[in-house]
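Heads up, the thing below is written out as structure tokens.
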Amino acid sequence: MITKAELEESHRVPWSEADLFVMSWLLGYVDPTEPSFVAAVITIVFNPLFWNVVARWEQRTRKLSRAFGSPHLACYSLGLCILLLNILRSHCFTQAMMSQPKMEGLDNHTTYFLGLAFLGWGFVFVLSSFYALGFTGTFLGDYFGILKESRVTTFPFSVLDNPMYWGSTANYLGWALMHASPTGLLLTVLVAIVYVVALLYEEPFTAEIYRQKATRLHKRS
């Protein structure tokens with residue numbers, strides 16, 4: 001008599017074979033050695049690393065503020081660099097998608113309009129976040145000593161934490177779906193992972209900046 005456990009075991013695919021199947025299927029659509037894919041991965045990982053390292057260095061040394069003669073001018077300059085790097089990242093992301101095959105199952109009107117919806121949702125959150133925070137609030141003004149009086153709680157922060165990051169991720173997801181691109185979907189997952197890691201470093205550090213501000217105000221009073 002064959003037990004239920006033995007029957008289930010007989011139909012179970014070994015993990016090594018399952019992993020090999022998934023990898024073979026994925027490599028049918030995505031070539032990770034293709035130059036534009038490598039460039040996209042590099043820019044996705046590099047951008048948050050760059051602005052976190054530079055902003056923390058500025059917060060410790062104030063060398064950018066002294067070099068530009070003003071913390072606001074230094075913040076504007078870093079913000080411009082971040083914008084240019086993000087344009088380059090988007091270009092590399094698009095080139096990586098265009099250089100690799102589409103998935104036929106995603107190449108239809110339903111998926112296209114779903115992608116368009118994600119793209120629109122992402123733009124709403126990115127633009128409204130920028131409007132709520134302003135330029136210096138968006139581009140790490142906290143690290144330059146340009147602090148807000150209180151935490152921003154208006155839309156989109158009233159419905160979502162870190163709407164700039166998640167709006168940007170939605171933009172990439174929408175763009176990938178509109179192009180029926182497995183490469184774009186894979187790169188979007190990388191964008192989300194990198195943002196999650198960045199937030200693990202950014203949020204405690206920013207909270208400490210405002211804690212120090214509150215302590216100074218308390219001592220003065």
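Each Cβ is built from the backbone N, Cα and C atoms, and glycine gets one as well.
Copied over from TrEMBL:
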type	residues	note
TOPO_DOM	1-34	topological domain 'Lumenal'
INTRAMEM	35-55	intramembrane segment
TRANSMEM	36-55	transmembrane segment
TOPO_DOM	56-67	topological domain 'Lumenal'
TOPO_DOM	89-115	topological domain 'Cytoplasmic'
TRANSMEM	112-133	transmembrane segment
BINDING	GLY120, TRP121, GLY122, GLU202, GLU203	S-adenosyl-L-methionine binding site
TOPO_DOM	137-179	topological domain 'Lumenal'
TRANSMEM	183-201	transmembrane segment
TOPO_DOM	201-221	topological domain 'Cytoplasmic'
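Distant neighbours of the intramembrane segment (35-55): 64, 78, 81-82, 85-86, 88-89, 92-93, 95-96, 98-100, 139-140, 143-144, 183, 187, 190-191, 194-195, 197-198, 201-202; these residues of the same chain sit at least 6 beyond its ends, with a Cβ under 8 Å from one of its Cβ atoms. Residues GLY120, TRP121, GLY122, GLU202, GLU203 are listed as the S-adenosyl-L-methionine binders, and the farthest two of them sit 27 Å apart at their Cα atoms.
The binding-site residues considered are GLY120, GLY122; of these, GLY120 has the fewest other C-beta atoms within 10 angstroms of its C-beta. Around TRP121 (S-adenosyl-L-methionine binding site), the C-beta neighbours below 8 angstroms that are at least 6 residues distant in the chain are GLY167, ALA170, GLY174. Counting other Cβ atoms within 10 Å of each Cβ, the lowest count among the binding-site residues GLU202, GLU203 belongs to GLU203.
Across all of the topological domain 'Lumenal' (137-179), the predicted model scores a mean pLDDT of 92.
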